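> Pasting a structure here, questions to come.
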Amino acid sequence: MFTGVQNYTQEVIKAAKYIGQGFTITLDHMNRLPVTIQYPYEKLIPSERFRGRIHFEFDKCIACEVCVRVCPINLPVVDWEFQKSIKKKQLKSYSIDFGVCIFCGNCVEYCPTNCLSMTEEYELSVYDRHELNYDHIALGRLPISSIKDPMVYGVNGLSYLEKNIIQDNTNKDTVTGPYNKE
């Protein structure tokens with residue numbers, strides 16, 4: 001009987017220890033300062049491995065369709081034709097519908113020629129969902145980096161950024177907007 005009570009007590013202590021570990025994480029998050037940004041005028045700089053809009057380089061693509069096979073929803077549409085003279089596939093068009101894309105990054109990870117990459121662009125809002133279907137021309141445009149964008153104010157004090165990485169972009173000569181009218 002004594003061993004049964006002892007085992008029960010050990011299990012209770014172990015359970016309390018697990019609950020305490022989770023509670024310390026909760027308390028740690030409660031002690032952090034809020035990270036609220038005024039979105040149109042301040043933009044959050046995404047983390048290093050952020051998975052945003054996909055960038056496509058037409059010249060590198062060999063039309064192997066690996067991206068279609070690894071996509072959980074078979075999303076990329078690859079249109080190609082076989083060139084008998086050079087005995088290779090010739091890519092005609094490539095498109096991705098970002099209204100359906102889940103931004104898992106499998107297509108980027110498994111692409112053998114690295115013609116796909118994830119950008120830091122996260123502003124994909126449109127009024128018509130059909131505008132989210134990007135062809136190879138729209139996918140080839142690189143977005144403006146949010147660090148180099150003059151409309152972006154630096155958001156300092158983020159926990160995942162090292163000190164002095166973000167420079168304050170509030171130069172009065174370059175920033176224009178509704179609040180800087182003279």
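Glycine is no exception: its Cβ is also placed from the backbone N, Cα and C atoms.
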> Figure out which of CYS64, CYS71 sits with CYS101, CYS104, CYS107 in the [4Fe-4S] cluster 2 site per Swiss-Prot.
CYS71
> Cα-Cα separation of CYS104 ([4Fe-4S] cluster 2 binding site) and CYS64 ([4Fe-4S] cluster 1 binding site), in Å?
20
> Summarise the model confidence on the domain '4Fe-4S ferredoxin-type 2' (92-121) as a single mean pLDDT, whole number.
94
> Excluding the flanking five residues on each side, which residues at least 6 beyond the ends of the domain '4Fe-4S ferredoxin-type 1' (52-81) place their CB within less than 8 Å of a CB in that stretch?
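Residues 46, 88-98, 100-104, 106-122, 124, 134, 136, 139-140, 142-143 contact the domain '4Fe-4S ferredoxin-type 1' (52-81) from elsewhere in the chain.
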> Using a 10 Å radius around each Cβ and counting other Cβ atoms from all shown chains, which of the binding-site residues CYS64, CYS67, CYS71, CYS104, CYS111 yields the largest count?
CYS67
> Can you list the residues of the same chain, besides CYS71, CYS101, CYS104, CYS107, whose Cβ falls within 8 Å of the [4Fe-4S] cluster 2 site's Cβ centroid?
ILE54, CYS67, VAL70, PRO72, ILE73, LEU75, PRO76, ILE96, ILE102, PHE103, GLY105, ASN106
